[in-house]
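Asks: My questions all concern the structure below.
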Amino acid sequence: MIESVRKKQPLVHHITNQVVMNFTANGLYALGAAPVMAHAKEEVEEMATVANALVLNIGTLTAEQIEAMIIAGKAANRAGTPIVLDPVGVGATSFRTESARRILDEVDIQMIRGNAGEVASLAGITMDVKGVDGAEGVDGVALASKAYEILNVPLAITGETDVLIDDHEKMTISNGDAMLTKVTGSGCLLSSVIASFLAVEQTLFSAANAVGFYGIAAERATEQARHPGQFQIALLDQLHQVSGQDVEKHIRLSKQFIGQGDHV
Ligand SMILES: Nc1ncnc2c1ncn2[C@@H]1O[C@H](COP(=O)(O)OP(=O)(O)O)[C@@H](O)[C@H]1O
Ligand SMILES: Cc1ncsc1CCOP(=O)(O)O
Ligand SMILES: [Mg+2]
């Protein structure tokens, strides 16, 4: 799958937060995609129409930016372009929670990627969320079915184990390294990596492949860099180097088929 991404070099339009813009752009260039950050209401419709995927990330949201996200989202929907929503910090403030829910009401989202605290809050499942980091000790695997039942949008809930869910399947992926939690933007970059893969193939397996690819890159990065600063750079280097064969060989993925009624 990563080889198809590198071949296609998908244009990934981002409306994203101010903290992670540079890191995200570098991460996408490193893996072989083409990022563009375009936020102005006056241009997002045009940009989303030509892009191969759209990322809506509410990390440093403003009222005007949410308007731009809805304009871009509707344009992407008209073009059949996949959209990933990163609900950064949902649950921490009511503005974040209400804005993310408004986006979900007005735009068809192909995948929500967030930590367990964010996804639970978005679904209205009670949890304690502070800032933009996940709630402590929350089991994403247990949360996934309940949250999917409520939100009815494919989910990637990340943490020590990542869980992806749609109508048909639930998948867990246990690649990655805790060092990812020491670098700001590691979740945001993953959302953009998923969007790059969905630009090539709009399936849950494609998103799972993106999560595995990213986790393997992080594992290799920690072999070279034991501290956060070096790790951030090593991660970019590994996103450039990990191959499709590496993913096939090292992905730790388990699948569970979902029959009728299993979500309940
Ligand atoms: N304890 C952990 N061990 C290994 N990987 C982790 C751990 N916590 C998070 N990750 C990985 O870090 C990346 C970002 O996930 P997460 O920290 O949940 O996002 P966010 O930064 O949005 O809170 C994902 O690839 C996830 O698998
Ligand atoms: C620290 C911070 N504050 C607002 S957005 C942001 C970045 C969050 O990035 P991530 O969720 O990927 O760690
Ligand atoms: Mg995040």
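Backbone N, Cα and C atoms are what each Cβ position is placed from, and that goes for glycine too.
Okay, so TrEMBL annotates it like this:
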- Met37, Gly185: substrate binding site (BINDING)
- Arg113, Thr158: ATP binding site (BINDING)
Asks: How many whole Å apart are the CA atoms of Met37 (substrate binding site) and Arg113 (ATP binding site)?
Replies: 19
Asks: Which binding-site residues, if any, among Met37, Arg113, Thr158 have a Cβ under 6 Å from ligand 2, given in order along the chain?
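Replies: By the Cβ criterion, which requires under 6 Å to ligand 2, there are no hits.
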Asks: Give the distance between the Cα atoms of Arg113 (ATP binding site) and Gly185 (substrate binding site), rounded to the nearest whole Å.
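Replies: Arg113 (ATP binding site) and Gly185 (substrate binding site) have their Cα atoms 13 Å apart.
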Asks: Roughly how many Å separate the Cα of Gly185 (substrate binding site) from that of Thr158 (ATP binding site), to the nearest whole number?
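Replies: Cα of Gly185 (substrate binding site) to Cα of Thr158 (ATP binding site) measures 13 Å after rounding.
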Asks: Around ligand 1, within a Cβ distance of under 6 Å, which of the binding-site residues Met37, Arg113, Thr158, Gly185 show up?
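Replies: So the answer is Thr158.
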